[in-house]
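K.L.:
Would you mind keeping the following structure in view while I ask a few things?
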Amino acid sequence: MSQTAYRTHHATEVTEALVGQKVTLAGWVDRRRDHGGVAFIDLRDSTGLVQVVIYDEDMARPLRSEFVIQITGEVRLRPDGNENTHLATGKIEVVAETIEILAKSDALPFQVSTALENESENKLPGEDVRLKYRYLDLRRPSMQHNLKLRSDMAKAARHALEDMDFTEVETPTFIKSTPEGARDFVVPARLVPGSWYALPQSPQLLKQLLMVSGVERYYQLARCYRDEDFRADRQPEFTQLDMEMAYVDQEDVMAMTEKVIAAIWKSAGYEVQLPLPRITWKDAMDKYGSDKPDLRFGNPLVELTEYFKNTPFRVFQAPYVGAVVFKGGAATPRRQFDAWQDWARQRGAKGLAYVVFGENGELKGPVAKNLSDEERNGLREAVGAEEGDAVFFAAGSRESAQLLLGAVRVELASREGLLDPKKFAFTWVVDFPLFKPTDDPDDDDVAVGHSKWTSMHHPFTMPSKDWIDKFDKDPEHAMSDSYDIVCNGEEMGGGSVRIHRDDIQARVLDVLGITKEEADEKFGFLLEAFKYGAPPHAGLALGWDRTVSILAGADSIRDVIAFPKAGGGRDPLTGAPAPISDEQRAETGVDYDPDADEN
């Protein structure tokens with residue numbers, strides 16, 4: 001790193017090669033230790049720590065945690081036995097000759113010392129406090145690492161895409177409101193009272209226009225905005241690595257994306273074996289109870305619908321019955337099985353049926369007595385369980401029961417310590433339905449259109465070749481040319497082949513219950529562009545916050561965003577959202593009433 005007015009070196013640049021030389025350093029006082037008239041300061045900057053030795057008590061006396069200081073001194077080897085093998089600079093120290101306090105610090109609301117990094121996270125305050133003082137929270141080395149990792153990943157992605165002849169293009173932030181599956185954030189247009197801009201949920205339509213414009217390979221790290229109910233894994237504003245290509249099909253996009261992912265992971269020291277595995281959407285739901293399956297461990301779901309087709313147990317007289325094995329679960333106390341019932345109810349289920357296989361194959365548990373002798377005798381073999389195991393069941397509609405069992409599968413793996421954050425299990429999920437029911441209780445997306453069907457991905461997704469001529473005759477079974485990339489049970493991104501023919505687009509909109517007049521009003525500009533020769537095109541977007549959090553092994557995407565929002569979209573740091581003044585309301589026209597002008 002280059003020398004500046006305040007330093008000759010960064011902390012971790014001070015090595016054995018500089019022993020006997022004078023250096024000037026600048027940074028924060030990470031912590032201070034006093035030993036018999038000698039003070040030791042850990043000086044911290046963005047690169048790490050270096051130990052400073054101060055023999056002058058008057059020089060050391062005013063120094064406190066998080067004071068910003070500049071020190072000049074000579075580098076020397078630490079005395080034998082005093083090396084710190086955990087530090088990059090653990091073999092040397094700097095003997096201070098001069099120290100200047102550049103800025104003082106008040107008492108901290110919480111400690112950010114590197115010395116606490118390897119201790120329990122319980123040392124940290126609640127997340128609201130961390131977010132209120134985010135500038136302090138970001139001083140912690142783990143947070144600095146995440147921000148640096150995010151930057152390095154972006155650099156690797158850019159290099160990979162530019163090597164494949166992609167062009168980075170910035171698309172507008174103020175656009176017209178268009179249907180994309182969530183609520184828009186809107187901004188008043190001061191110069192056009194009563195009119196509003198929308199912040200883009202994605203650059204979807206704009207990047208399609210770029211394909212029509214002749215930009216055959218486009219990308220950007222795009223800021224996106226969605227006004228949806230807050231969930232732990234969502235942010236109202238987020239970033240995605242957006243990519244689109246002309247004259248390509250699904251295979252081309254998937255191959256390109258794999259190269260980008262491999263380059264990103266390589267930048268962090270990991271090798272990704274290509275090509276990545278694939279699974280169909282149906283198989284993912286049937287085997288893992290999720291359209292974003294975690295493949296770091298096995299234990300697939302077992303369908304028992306046929307097995308229980310003549311069951312006397314009314315709960316299992318359902319369209320779907322499935323199970324997941326709880327290895328060694330027979331030793332689980334009854335109170336823990338009761339806690340599983342609460343866990344299931346928190347997810348909207350009525351409960352979680354179970355049996356246990358005791359010694360000598362004896363079947364126990366609340367469900368056992370409700371089964372026929374034939375069902376009890378063959379159950380262990382049917383589910384692949386062993387003596388000492390337990391089995392959880394779910395029955396009901398196929399999707400809701402599978403989703404519950406999929407959540408059980410992951411929760412069991414978590415409790416068994418099988419979710420290694422340093423192991424990365426990628427898979428493509430392909431062959432998605434084109435549409436989904438509008439009234440799906442397990443879906444929180446905003447329906448696009450006014451019919452019983454809404455888009456599984458978005459209204460501009462191309463039907464698969466086998467369905468182009470008939471998707472509007474059988475929307476329930478129609479399939480699409482779409483694909484998601486999944487890692488460790490998280491959806492990293494998704495994409496599709498886009499509709500480039502206005503006749504197909506019109507039929508899709510008709511299935512969604514969007515009239516021609518409504519389509520022209522909301523995105524007529526795209527339909528108009530298609531009339532002038534739109535090339536076949538396809539693309540994909542990676543959720544950047546999610547992708548970084550997976551590679552960082554972070555518990556939350558908020559740990560890889562510099563200034564994230566808390567629950568409900570609140571910003572404890574700045575106090576946003578906040579009321580605006582009466583003057584601002586009048587100036588921006590948020591209360592504009594067109595009827596008042598007529599009167």
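Glycine too: its Cβ is placed from the backbone N, Cα and C atoms.
Since we're looking at a predicted model, the values are computed, not measured.
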K.L.:
Pick from GLN220, GLN235: which one does Swiss-Prot list with ARG226, ASP227, GLU228, GLU491, GLY543, TRP544, ASP545, ARG546 for the same ATP site?
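P.N.:
Answer per Swiss-Prot: GLN235.
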K.L.:
Who are the long-range neighbours of the region 'Disordered' (565-599) in its own chain, taking Cβ under 8 Å and residues 6 or more past its ends?
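P.N.:
Non-local partners: 127-129, 131-135, 188-190, 193-194, 230, 235-237.
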K.L.:
In sequence order, which residues at least six apart in the same chain have a CB under 8 Å from the CB of HIS35 (site 'Important for tRNA non-discrimination')?
P.N.:
none
K.L.:
Write down the Cα-Cα distance for HIS457 (L-aspartate binding site) and GLU228 (ATP binding site), rounded and given in Å.
P.N.:
16
K.L.:
Which state, by DSSP, holds GLU180 (L-aspartate binding site): helix, strand or coil?
P.N.:
coil
K.L.:
Please report, as numbers and ranges, the same-chain residues at least 6 past the borders of the region 'Aspartate' (204-207) whose CB is under 8 Å from any CB of it.
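P.N.:
Distant contacts of the region 'Aspartate' (204-207): 171-172, 175, 178, 180, 218, 242, 244, 458, 460, 523, 525-526, 539.
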